[in-house]
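Per TrEMBL, these features apply:
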TRANSMEM  30-48  transmembrane segment
TRANSMEM  213-234  transmembrane segment
TRANSMEM  241-259  transmembrane segment
TRANSMEM  271-291  transmembrane segment
TRANSMEM  303-322  transmembrane segment
TRANSMEM  334-351  transmembrane segment
TRANSMEM  363-380  transmembrane segment
TRANSMEM  392-409  transmembrane segment
DOMAIN    551-646  domain 'Histidine kinase/HSP90-like ATPase'
């Protein structure tokens, strides 16, 4: 039992070791990821969030209003206010639905003393455009109010100055003349009113977020879009850069929507344009998350695009086919639930990427995890009707700028790393090239020395087989005393011929068979003529001669030399024909024929050749050529057939 227990403990320890060791190996990686996540979270919650997400109500002293009322106007003039029928508003904030057109909103306030610098008013109403009157005096208003060619200057949050001569000690009245087209809601909030410099200083940050901040974001996001698009074109198939470009375009369009005061379209078309941008931004966030993740899911993007198209179609249908109030509300619901769906899908896709903790793009991963947390907060606040602080919607531009910075910083790092690797590889290549050059020179010297050694061995063999055999024969005849003067003359002639062959094989003649044949012709013609023979040489130059080495060329020389010597000595004729050309029926071979007009050789016809013929046949076999001899009463023909592509 103790043996089994010990074995079980060993198995358990091994299982624990296999689980813990990989985690320990990942500790430096996880530590870097944790540091990046903590850094990004602190940066967002301590710096970015307070800067772009304010409190819902001003945290400073203001003048309270009372007697809130609103009325429908026939035209956007103060004269129409006098004849309008106002209805009291009991609770603030309030809104009016569901019609477009002109409305007036007014309230009263009390002043114990008129401030020396006058009052500051930050309009807290929502309409396409408006003008402000205080005690019947025109205070502010830009753009156009007349439908259908009105402008959208009401998008801006400004602090308007109410001069001293426009207000009274005691009761005062503020009147807003407003216009709406497309969005069927007029929204009224409690006024932000007080001493001018006090209101101006406290509202400066809010006003910057509604105007200057938007332009800065548009410029920054447009740069992200530009660089992402350029990088996508350069890289070819970096879908992360493509989706970053599409997302930047959508977010830049949304930011531009809030500062575009005079678009070429209005009403439902303008709101449909906003919905399309918002839906596409949600779709692009999901596309980026899928492309950024290590394992890109290809089939899911067509499904996401189908959701985007269906949602956009539903929005357009609601706006143009339902009553104005119901159409706006249903379109908003489609936008709301589609946004929640894309937010959840984006968060899930990013979380799935961290399932094995192998992500090493630390800064991008930290921003992605921040996006997941912000999307979760956005979904929770929207689903529970809690106060929506715009954690995701207001900070999306910062997120995409941060992602772009991390994305391009990593690409620059990779570029620098690849450049360093290229430099290292180039240095190693140069070093290796130098080593190869030295080795090549050494190899050339060895090959040259080997060639010289082989040439010496060849010359020694040729001297032994050629000169040695002839001289040995002459020496034996001299010792025996049975040689004639003609025998010694023939022997010396053979020695001279052999020496010439050896010299030719060492000269440039040995470089090609055609050059060797040219030299052979120059040698045999004078010798044959001295012996009383005429030589007819025929070579049209079209034959495909084999590429023989010097030793093989020497063997051809010896065969032809032996054939010529036999014709001169034994034929009994007076003419020798040498023909060089292609073999009959085979243009890829070369045939050299030496023929005489003598009486023939009986041994050749019967197949019983002498020693010289056996040597010629053996030499032909050694160079993979065919040797044949044909003898008749009209003379003898020696045929040497060689393959045109022999080596």
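Placement of Cβ uses the backbone N, Cα and C atoms for every residue, glycine included.
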Looking only at residues six or more beyond either end of the transmembrane segment (271-291), which have a C-beta under 8 A from one in the stretch?
182-183, 239-240, 242-244, 246-247, 250-251, 253-254, 257, 263, 265, 297, 300-301, 304-305, 307-308, 311-312, 315-316, 319, 328, 331, 334-335, 338-339, 342-343, 345-346, 349-350, 353, 368, 371, 396, 403
What are the DSSP helix/strand/coil residue counts across the domain 'Histidine kinase/HSP90-like ATPase' (551-646)?
37 helix, 36 strand, 23 coil
Can you work out the mean pLDDT of the predicted model over the domain 'Histidine kinase/HSP90-like ATPase' (551-646)?
80
